[in-house]
Each structure stands twice: as structure tokens, then as C-alpha cells.
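Student: Before we start, here is the structure in question, set down as C-alpha cells.
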Amino acid sequence: MATSALRGLAVAGGGESSESEDDGWEIGYLDRTSQKLKGQMLPIEEKKEKFKKALTTGDVSLVQELLDSGIISVDATFRYGWTPLMYAASVANAELVRVLLDRGANASFEKDKQTILITACSAHGSEEQILKCVELLLSRNADPNVACRRLMTPIMYAARDGHTQVVALLVASGAEVNTQDENGYTALTWAARQGHKSIVLKLLELGANKMLQTKDGKLPSEIAKRNKHHEIFNLLSFTLNPLEGKLQQLTKEETICKILTTDSDRENDHIFSSYAEFGDLEVFLHGLGLEHMTDLLKERDITLRQLLTMREDEFTKNGFASKDQQKILAALKELEVEEIQFGELSEEAKLEISGDEFLNFLLKLNKQCGHLITAVQNIITELPVNSQKIALEWASPQNFTSVCEELVNNVEDLSEEVCNLKDLIQKLQNERENDPTHIPLREEVSTWNSRILKRTAITVCGFGFLLFICKITFQRK
């Protein structure tokens, strides 16, 4: 804009730097009284200086006037090879970018693999202005997949700097989402590293692969955790992403229309949504510390029921690590309850089933209840108490509360049945004690005479041992 504020010194975008500290650009305010040209009598060098100052201050009218003079070319290069368009893009001056492009500036110009589009995506300015600059450059056929010397593409710079709408526009214009730079970073990795949750959600929605590793073997979730972005770590590690690839089927025009008509206020309210799905499989794996296996099981369409009935050879066939197999098998052994087929037993056998097998059944049933209690406690501790800390937007809480109410009813029914079982056992025990024909077990019989004999034997043995010790002591003396 013609009256925009003073811009900073131009530097190469995307982490690049010039070979000389003197880049040819000057900082300062123009004297408005001497700003206009007085005819065509000024020397060429003075016009170049005025042109650079006009670019610095964003004086569009002066830039147009100097270009109209015909002495300065729209693709003129200054020190370290930057053109006026590259400089205008570096300060996110959309109006200057439009003027220069309309005058024939080359949108595909690059210097040392630094493109104008990369410069715009890494510019210091508002996202609104950066978005306008990027849109103008893309409309003039700037390639969104040309990388810099570090193999970083425009979408990586936009993701690194937190420009959600720019990322979406680049993808709509053909940018590759899963391209990796020289360190193996993708746009998703950069967003996770910098803590831009909205970018992470948008990239997942656009088909980003969260399983691509860096050169040192790190996943985006691990990069987020290392930089203490715990929300993003949880988002990438413990949740499914049903919206992944949602926009890939849209045409370029449909996607651009969707992006440009988005209400900025809605965007600030987290319009990029997904749903956390904690099913029985996820809870089971989380309880064993095997969260990393969730994606593997989902890819192979293995349900919890199938997992619990797998044999050892099936674990190996499906690519389970030996350590993970041992954890699952140990858990299955603890949960195993021997099924008792009462209908196949004779009347005499039914009377005898109330022994060790029945006790073992009750003990295992009690252990399973303990596991269920622990699972619920773990979920309670994992859920944030503040709704603002929820990483993903959830469905209506009414759905969750209705299921919880059903759980409470089932627990109450279970409690009632267990109480009935307890009363029945107590009744059987009372009848047994009052039955005159009942013969107590051998271990239950403890007569007065047997107790006296046991105590006498112990006393005699102890006294004899004491005499033996005394005798040995006197002999030594």
C-alpha cells in the first residue's frame, strides 16, 4: 500500500543469506517533499536509488512512475541478484507484487535456487498479505514444488511459519504434501516442530503421512514431544484421523473456493476438526503400553476380538515384534477364564463343581473386574478437565453420557447378580453347617486331645534341644 509503514532490510527468505552484509537496500523514511520526480532530468543512478527507496517504503505510485520512465526495468537486479518482485514478496507487499506482475515481472525467477514463491511463503508479514502474494504468484504459473538448496519447498516454509490458509492454497495448486527436505522433514514435521496445531490438522486433512520419518528416524509425533508440544504429540500418536485425505478428491477450483470463502472468525475457532476415537482396541493397547501398534492393526483390519483369539504363528505372520507378542499373550493369560459347561455335567458332578474350579472362576472374575476398574481410572486421568485443552473437536457430549448411563445400569445389574450369588452361597454354607449328616473335612477336625499332643511334643523337643546346647557348652569349658 502506498502509505504502508517502513519495511525492514531485505534478507534472503527461507534461511538463506546473502554473501555480503551490504545488500544494496537502504532503510529510512522518504522526504515526502522531494519524493516526486521533477521531469525526466534526474541521472539514472539517482533514479535507481529512488526506486529502491520506493520499494522499501511501499510507495506504489512512485514505483509506477519510475517504471513508466523506461529507464528502470521491472526485472532489474540489485546486489546479490534480487529483483524488485522478489523484494516486494519478501516484505509481503501484495499491492507492489500485483503492480510488478502486471508490468511483466517474472514470477518464476530464482536466484541460487531461491524462488520468489519461497520468498513470499517465508515473508515477515500478516498471513492475509502473504496469502494474497502467494495467490498472485501462483496465478502467474509459479511452480509450488521447486525446492531451495536445502530441498525445502514453499509448503514447508508456510507450515513452519504457521500460515494455514497458505498451506491449503499451495496444496490446491498442486503442491506435494509429503515431500521431504535434506533432513527428512515434511511440512507436517515442520508444523509439529513449531507447535502449529491448526497446520497439523489441516495437513492431516489434506493427506499428510504422519508415519514418514526424518533422516535420524524420528516421527512427527516424536519431534513434537521433543519440543514439548504435548497436544500435538497426543494428536499424532493416540488418535485416528477419519478426515485424512478428505480434500484430495476436490478439484483445484473447488478447493480454492472452499479456502477463500472461509470465515476468518470460524478459522480462529478451530474449524479444522477431527474426531478422537478411543475404541476397545485402543484402550486395550494403551493399557499394555502398545499404542504404537494401533496403526498396524488398523491397516490389517484386526479387531480386538480377532487379536484376543490369535495364535503365536499368526502374531509373527502379521509382523508383531517378539516383545509385543509376549505382552499380549501375558495379558490374555490373565484374562482367560475357563468355561464351565454345567449342562453337560451329571447331577453328582454339579454338586462337586463348587470346589476349586468354582473358586478359581470367582477369582478370575474378580480379577477381570479389577482390570475394568483400572481401565476406567486410566481414561479418567487421561481426559483433560478443561475443554479448551481437548486436542480435537468431539461429538456431542450427550452421546458419551448416554453410554455412561448404560454402563452404570449394567454395573448395577452385575452388582445385584453378584449379591444374589453371595446370598445363595451363604445359604448353602448355613445349610451345610446345620446338616447332621455332614462330615467335616479332615483338616477341619481339631480335637482337644490332638492339640494337647501337639503342644506336648513341641515342648519336649524344645527342652531336649536346650539340654543339648547346655551340654556342648559345658564340655568346651
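Glycine is treated like the rest: Cβ placed from N, Cα and C.
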Student: Looking at 1-24, 241-264, 409-432, which one does Swiss-Prot call region 'Disordered'?
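Tutor: Swiss-Prot lists region 'Disordered' for residues 1-24.
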Student: Using Cβ atoms and a strict cutoff of less than 8 Å, what residues sit near the repeat 'ANK 3' (112-146) while being 6 or more residues removed from its termini?
Tutor: 8, 12-16, 81, 83, 85-86, 88-94, 97-98, 101, 152-155, 157-158, 160-166, 169-170, 173-176, 179
Student: For the repeat 'ANK 2' (80-109), what's the model's average pLDDT?
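Tutor: The predicted confidence over the repeat 'ANK 2' (80-109), as a mean pLDDT, is 84.
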